[in-house]
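Q: My questions will all concern the structure given below.
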């Protein structure tokens with residue numbers, strides 16, 4: 001079976017490279033073709049990479065607390081670019097301060113994200129979810 005392709009990166013003005021490398025390593029070892037666009041990445045770069053690579057999913061991370069602002073509108077931009085239905089995952093420290101996680105998760109799902117991960121979620125959880133969502137295994 002052909003490897004599924006994912007676009008991975010750190011959204012917005014966030015430069016946390018270590019977590020991004022860990023995710024890249026974990027998803028690559030799990031059998032995915034990872035297109036890592038790195039840190040400090042605007043939405044348009046994720047979209048362009050997804051189109052160019054015919055990606056099956058876009059995985060965004062954020063650690064600096066501004067993920068909610070950075071992630072807003074991505075689903076609509078994906079749809080407008082012809083990426084209707086592409087899986088969108090986001091995780092990390094995606095909001096400012098300590099907030100009730102179910103409320104945070106709901107806000108991101110309302111923005112069109114398929115999966116939303118709290119700080120400290122092991123990569124294996126995202127890998128299992130992605131395999132399930134892509135009907136792998």
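Cβ from N, Cα, C; glycine included.
Pasting the relevant annotations from Swiss-Prot:
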type	residues	note
BINDING	13, 14, 15, 16, 17, 61, 62, 63, 93, 94, 95, 96, 97	adenosylcob(III)alamin binding site
DOMAIN	3-137	domain 'B12-binding'
Q: Could you give me the DSSP helix, strand and coil counts for the domain 'B12-binding' (3-137)?
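A: Going by DSSP assignments, the domain 'B12-binding' (3-137) contains 57 helix, 31 strand, 47 coil.
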Q: Please work out the number of neighbouring Cβ atoms within 10 Å of the Cβ of residue 62 (adenosylcob(III)alamin binding site), leaving out its own Cβ.
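A: Residue 62 (adenosylcob(III)alamin binding site): 24 neighbouring Cβ atoms within 10 Å.
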Q: Restricting to the record's adenosylcob(III)alamin-binding residues (13, 14, 15, 16, 17, 61, 62, 63, 93, 94, 95, 96, 97), give me the longest CA-CA distance in Å as a whole number.
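A: Greatest Cα-Cα span of the listed binding residues: 21 Å.
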Q: By a 10 A CB contact count over all chains shown, which of the binding-site residues listed here is most packed: 17, 95?
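A: Checking each of 17, 95, the winner is 95.
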Q: Let's check the environment of residue 13 (adenosylcob(III)alamin binding site): how many other CB atoms sit within 10 Å of its CB?
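A: For residue 13 (adenosylcob(III)alamin binding site), the 10 Å Cβ neighbour count is 14.
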Q: With every protein chain in view, what's the tally of Cβ atoms within 10 Å of the Cβ of residue 97 (adenosylcob(III)alamin binding site), excluding that atom itself?
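A: Other Cβ atoms found within 10 Å: 6.
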